């Protein structure tokens, strides 16, 4: 210990002597070469600094935890390595040995945690020499980032039964479905990331969508939320990008860089209706682009656009965006869609319901995006009524219509209870339910209005319950904090408005309570789908009274279809409402007629193929031969889908998020 202290002391004396004109000779061993040399104050530390940078021949340390992705500086320290000459022998720190910039791994966030301020730093993959490398080869792993991306997830307990979900594909020359991920060539990077996510085998939608997308066919897919839709399009798209490389987009990026370098040309674009859903898809993209040169980015409203622009400027190959913010970015000249090969519209019906059709048409038809037939387009949603399918004609070319499970139905994994509760008794009944539920269970309570959410949260708080709430008027930060409190169990009760029905990607919600029932059955389906996700068991309780008569028949049909207990009073009300209204009992929602489960092109003779993912007895034929009690009028599905439920082995993978 004393020896070290002496060395430190001596080293300090030597450094001080270097600044002392009178004692330089004695400290430098009597060297005459340095005698009397004057060093101006502003230059006195330059030699020491240079020695630090150059002592191992690489300026910044080669250690994997180097300080910043701006890494080194040139010999003259005039500019960062971002603008430095990529050739020559000059070092770029930890990026030197790898011939790339700050992407040790997925999601473009660098080699460490994936979100640190250093890892997000300056080097852009577009400006790197990565195009000279084979994009299909994985980059070195990052243990820290791997832990961050793949440590969570619960695959559920009832996956086996979901191999039997029936599927129908409509269109010409439908590619055969797969039974395992290894049945289709997706490359080393994708297969490695599938293993890291602990996905054992594809869900029904993935079994059929992956080979269709790999064959570069346009696709319209109807599948329930939580069924693995996100991976169904991300896996084949990323696989193709790894195989094909950046192509002309990289050349355009470099050419644009000569004049300021700020416009990005993504290869793939994913449009989502809400910011929460966009973030969810982005997080999945980070997983599947781990150890690749693909850099995913996300842009959405309600957040600092300046930060999003700075993130884009570091490079963007796969962009996830909400329509409004994307139009803003395009008008600012930050995004160009000239070389977009893959377009995905996720929750397409939701986007149209929210009024995004003008923005979507502006993006797809009125800008520089390649036309249909040149680009590859996919639409995913839980519902696709005929009206939306007709709109899809403008975006899709010779597409395959894929329906997996009964679109709009619920899973048998969810136990549904409907109880008659007068409006004045709802709060008292809710307290009884909460008291009967385990303290560690996550409970989601749906109400109809923002004011109702705040009021109910305040009531529960004063009753001594740890709770929080979300609705459309909350800021992005408040919503994220509420979700974090709920997920972590600090506030195991979450009160949410209807805008949250398609959100909340939380794998362990045990109980969904419809404090206020929605006005249409599709909203009900999406709400109770927050529990019983991907193979787990769940409970949904709904408070019913005279205000909810309009959905009586639909609710009855849904309960019967899912083999749930039906209260006798509900059957009587449905019977009375059916004849009193003089109708078939269907509510007048825009989705009436089968939840979009029928391909409208079948009326003009389009071909179809029917598959079963499991037992042969469940492989009913397509066409129109099977009617159903839901009054679908002999459509191509009718009774084609049974009520076997729907699941998968993916818990953190669903694409449905709460949002506005």
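Along the chain as shown, the residues are counted starting at 1.
Placed from the backbone N, Cα and C atoms, the Cβ positions cover glycine too.
Taken from Swiss-Prot, the feature compositional bias 'Acidic residues' applies to 1-11.
Positions annotated as compositional bias 'Low complexity' by Swiss-Prot: 12-21 (among others).
Residues annotated as compositional bias 'Polar residues' in Swiss-Prot: 24-34.
As annotated by Swiss-Prot, compositional bias 'Basic and acidic residues' applies to 44-66 (among others).
Annotation comment: Swiss-Prot describes 93-103 (among others) as compositional bias 'Basic and acidic residues'.
Annotation comment: Swiss-Prot describes 602-620 (among others) as compositional bias 'Low complexity'.
Averaged over the domain 'Helicase ATP-binding' (210-402), the predicted model has a pLDDT of 88. Positions annotated as domain 'Helicase ATP-binding' by Swiss-Prot, on the basis of sequence analysis: 210-402.
According to Swiss-Prot, the feature N6-acetyllysine maps to 55 (among others).
Feature annotation from Swiss-Prot assigns phosphoserine to 80 (among others).
Sequence annotations record features per position, and here Swiss-Prot assigns phosphoserine to 89 (among others) based on similarity to another entry.
Summarising the annotation, Swiss-Prot assigns phosphoserine to 101 (among others) and lists similarity to another entry as the type of evidence.
Positions annotated as phosphotyrosine by Swiss-Prot: 103.
Taken from Swiss-Prot, the feature N6-acetyllysine applies to 117 (among others).
Under the DSSP three-state reduction, residue 182 (phosphoserine) is assigned to helix. Within the same chain, residues at least 6 positions away in sequence whose Cβ sits under 8 Å from that of residue 182 (phosphoserine) are 191. Among the features that Swiss-Prot reports, phosphoserine is placed at 182 (among others), with the record citing similarity to another entry.
DSSP assigns residue 455 (phosphoserine) to a helix in the three-state reduction. All protein chains included, residue 455 (phosphoserine) registers 15 other Cβ atoms within 10 Å of its own Cβ. The feature phosphoserine is assigned by Swiss-Prot to 455 (among others).
Look at Swiss-Prot and you will find 590 (among others) tagged as omega-N-methylarginine, backed by similarity to another entry.
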